[in-house]
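Q: Okay, handing you the structure first.
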Amino acid sequence: MEHTYEYSWIIPFIPLPVPILLGVGLLLFPTATKNLRRMWTFLSIFLLSIIMIFSLYLSIQQIFLSCIHQNVWSWTINNEFSFEFGYFIDPLTSIMSILITTVGILVLIYSDNYMSHDQGYLRFFAYMGFFNTSMLGLVTSSNLIQVYFFWELVGMCSYLLIGFWFTRPIAANACQKAFVTNRVGDFGLLLGILGLYWITGSFEFQDLFEIFNNLVLNNRVNLLFLTLCAFLLFVGPIAKSAQFPLHVWLPDAMEGPTPISALIHAATMVAAGIFLVARLLPLFIVIPSIMYIISLIGIITVLLGATLALAQKDIKRGLAYSTMSQLGYMMLALGMGSYRSALFHLITHAYSKALLFLGSGSIIHSMEAIVGYSPDKSQNMILMGGLTKHVPITKIAFLVGTLSLCGIPPLACFWSKDEILNDSLLFSPIFAIIAFSTAGLTAFYMFRIYLLTFEGHLNTYFINYSGKKSSSVYSISLWGKEEEKKLNRNFGLVPLLTMNNTKRASFFCKKTYKISNNVRNQTFITVENFGLNPRTFYYPHESDNTILFPMLVLLLFTLFIGAIGIPFTQEGLDFDILSKLFTPSINLLHKNSESFVDWYEFLRNATFSVSIAFFGIFIAYYLYKPFYSSLLNLTLLNSFQKLNSKRIRWEKLINFVYNWSYNRGYIDAFFKTSLIESIRRLAKQTNFFDKRIIDGITNGVGITSFFVGEVTKYIGGSRISSYLFLYLSYVLIFLMILFFFYFEKF
């Protein structure tokens with residue numbers, strides 16, 4: 001056992017040979033490296049599998065022995081300061097390692113097919129290997145300095161992966177936005193780390209917690225300064241886990257390849273913030289104000305993420321806002337002191353959301369056969385519909401992931417989300433109302449995504465759109481660059497009826513029609529039966545087996561992973577593996593956690609949350625399920641048009657909700673006008689001051705010296721007699737001035 005732990009330090013470095021060898025190979029032997037590209041995929045999967053098996057073994061040992069292992073090496077810089085680095089293995093480390101490796105392996109298998117057409121295939125796997133190394137290094141770190149080092153590496157890798165198709169301006173802007181937003185959080189984290197070191201004199205977690213708690217209990221430190229340092233530490237997870245108000249980078253991160261979206265939004269980058277708060281919870285828990293701030297930020301993010309997901313048309317952005325909302329639930333649980341519930345939801349959500357993102361990638365892959373390599377079209381749910389018969393396996397996997405996220409039993413997220421909802425009842429009635437209401441919103445927007453994607457008929461082939469016949473369509477090259485291609489003259493490029501009149505999604509049809517104003521301004525999308533294009537020949541198709549296999553494995557995880565945390569302890573049967581793993585665990589809401597849930601209490605608590613979820617599903621079916629005709633997607637606004645004017649206020653409310661959601665709560669616009677524009681103006685003024693004033697003074701002195709020298713040289717004429725004459729003249733002038741001032745005094 002002890003011998004096994006001694007080799008745990010190697011965990012972060014096992015995936016590292018792949019990016020190193022790829023970099024060296026592409027530099028020195030590019031042709032051979034590219035010809036053996038499938039070998040690099042196999043090697044990446046094999047190395048991650050080793051870590052997964054090792055992490056599973058460590059977890060099994062910890063379930064039975066409940067031990068924590070830490071090994072530290074000391075590097076003495078001088079007599080007063082020494083830097084210690086090492087590894088820290090506890091249940092949280094084991095759980096995160098298993099999560100990172102299992103999802104990472106499945107994403108790598110998926111990416112082998114999904115990215116096979118891309119010229120950046122090897123670059124993609126090099127980034128992925130480095131990303132996995134960074135995350136594994138983060139979760140095994142034994143001190144805050146190591147955490148910060150790997151934290152920055154995770155941010156750098158996410159920058160590279162989000163901007164993978166860097167030739168597309170929108171992707172380049174997205175990765176810059178993610179990078180800059182996370183720099184704000186990272187700066188706060190760095191200040192918090194330095195403040196804690198100034199207070200405690202240690203970076204090591206165990207020493208830090210012990211010293212910190214003693215200082216607080218004995219009132220030997222300024223509580224205000226302590227709270228400030230703790231809050232600065234929390235700013236880092238706010239940005240990394242996309243919590244309000246530093247969440248603005250998350251939807252734009254969808255510009256990267258879909259496997260990256262699955263990895264970032266499931267088990268890696270966004271989970272890093274939750275991991276760090278969980279790791280530092282013994283420090284936060286002694287400061288009640290910080291715990292309340294954590295829970296407050298969490299509940300705001302829960303509601304905001306759900307409302308922003310209501311009207312998204314891009315399937316990946318809808319799932320991104322869903323991730324934001326679910327991360328809010330985890331942060332809420334940590335702020336309430338429910339450590340187990342937060343980590344349980346982290347696990348169940350990771351597998352469910354990875355399934356949904358890989359499913360969306362399969363859908364996008366199938367749509368590209370029709371609309372080309374253009375995210376504006378292949379990810380637009382309004383162009384989808386009726387995919388059930390074309391991609392049946394993807395449909396089943398996506399439906400299971402959707403039901404899980406909605407909290408429908410017995411799927412994974414039901415068990416974890418229900419725990420958080422029940423804990424919120426004990427913590428605050430207001431927080432509980434918001435949390436339960438958001439559970440209904442989650443069910444609504446997730447089934448909205450499902451219905452728009454799979455139900456009805458394929459909307460790409462409907463004909464009721466406006467546009468110019470002489471248009472061009474944009475596709476994405478293998479490097480992600482948008483290329484303009486002229487269409488066949490027999491066809492017209494027609495923009496889709498959209499709720500935002502300034503942005504259009506396009507596809508091919510035979511004719512174009514003008515849309516009346518009353519239809520153009522509709523709140524919800526309505527595609528009416530105008531007939532299909534008789535010249536259409538292409539349909540979506542099911543993805544290859546290497547794409548479907550990871551989805552089916554994640555489907556099994558979604559079905560059964562919730563069993564590890566089922567809180568039933570009756571008649572000698574104990575299914576709660578998670579509580580055994582997290583023993584002793586922090587739980588402020590359940591002091592007596594030996595057997596606080598029985599069958600009756602569980603059914604009573606679960607009935608209400610499941611009822612709310614089914615209500616949200618019903619509303620989604622009412623608005624988006626086509627039931628008047630097989631070719632008619634009925635929405636709420638169609639019903640409003642047949643009712644009297646008393647519905648105008650309700651219609652205005654719906655329009656407000658839509659505009660709020662579609663425009664991202666106007667938060668991006670606020671940041672752009674109040675912060676970005678101000679910073680740009682300041683940068684321009686600073687640039688002007690630097691170029692014109694500072695450089696002007698420096699250059700002016702230089703130019704003046706040059707001209708004085710030239711004049712002096714001209715007057716002197718390079719003759720000694722001239723130099724003596726000038727010298728004596730200057731001395732005479734000096735004496736005259738001195739004599740004048742001397743006699744002035746008398």
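Just so you know, the numbers here start at 1 and follow the chain as drawn.
Glycine residues also receive a Cβ, built from the backbone N, Cα and C atoms like all the rest.
Features from Swiss-Prot:
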| type | residues | note |
| --- | --- | --- |
| TRANSMEM | 40-60 | transmembrane segment |
| TRANSMEM | 125-145 | transmembrane segment |
| TRANSMEM | 221-241 | transmembrane segment |
| TRANSMEM | 258-278 | transmembrane segment |
| TRANSMEM | 280-300 | transmembrane segment |
| TRANSMEM | 327-347 | transmembrane segment |
| TRANSMEM | 354-374 | transmembrane segment |
| TRANSMEM | 396-416 | transmembrane segment |
| TRANSMEM | 425-445 | transmembrane segment |
| TRANSMEM | 547-567 | transmembrane segment |
| TRANSMEM | 608-628 | transmembrane segment |
| TRANSMEM | 723-743 | transmembrane segment |
Q: Report yes or no: does the transmembrane segment (354-374) come within contact of the transmembrane segment (221-241), defined as 3 or more CB pairs under 8 Å with a sequence separation of 6 or more?
A: no
Q: Sequence-remote contacts (6 or more beyond its ends) of the transmembrane segment (40-60), Cβ cut-off under 8 Å?
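A: Result: 4-5, 8, 11, 14-15, 17-18, 21-22, 89, 91, 93-95, 97-98, 101-102, 104-105, 108-109, 111-112, 122, 125, 128-129, 132, 136, 581.
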Q: Could you give the residue numbers and ranges of same-chain residues that sit at least 6 residues beyond the transmembrane segment (280-300) on either side and whose C-beta is under 8 angstroms from one of its C-beta atoms?
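A: Distant Cβ neighbours of the transmembrane segment (280-300) are 196, 208-209, 212-213, 216-217, 223, 226-227, 230-231, 233-234, 238, 243-244, 328-337, 339, 427-428, 431, 434-435, 586, 588.
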Q: Could you tell me whether the transmembrane segment (547-567) and the transmembrane segment (396-416) have 3+ CB pairs under 8 A, leaving out pairs under 6 positions apart?
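A: Output yes: the transmembrane segment (396-416) sits against the transmembrane segment (547-567).
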Q: Would you confirm whether the transmembrane segment (327-347) and the transmembrane segment (125-145) meet the contact rule of 3 or more C-beta pairs below 8 angstroms, pairs 6 or more apart in sequence?
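A: Result for the transmembrane segment (327-347) with the transmembrane segment (125-145) is no.
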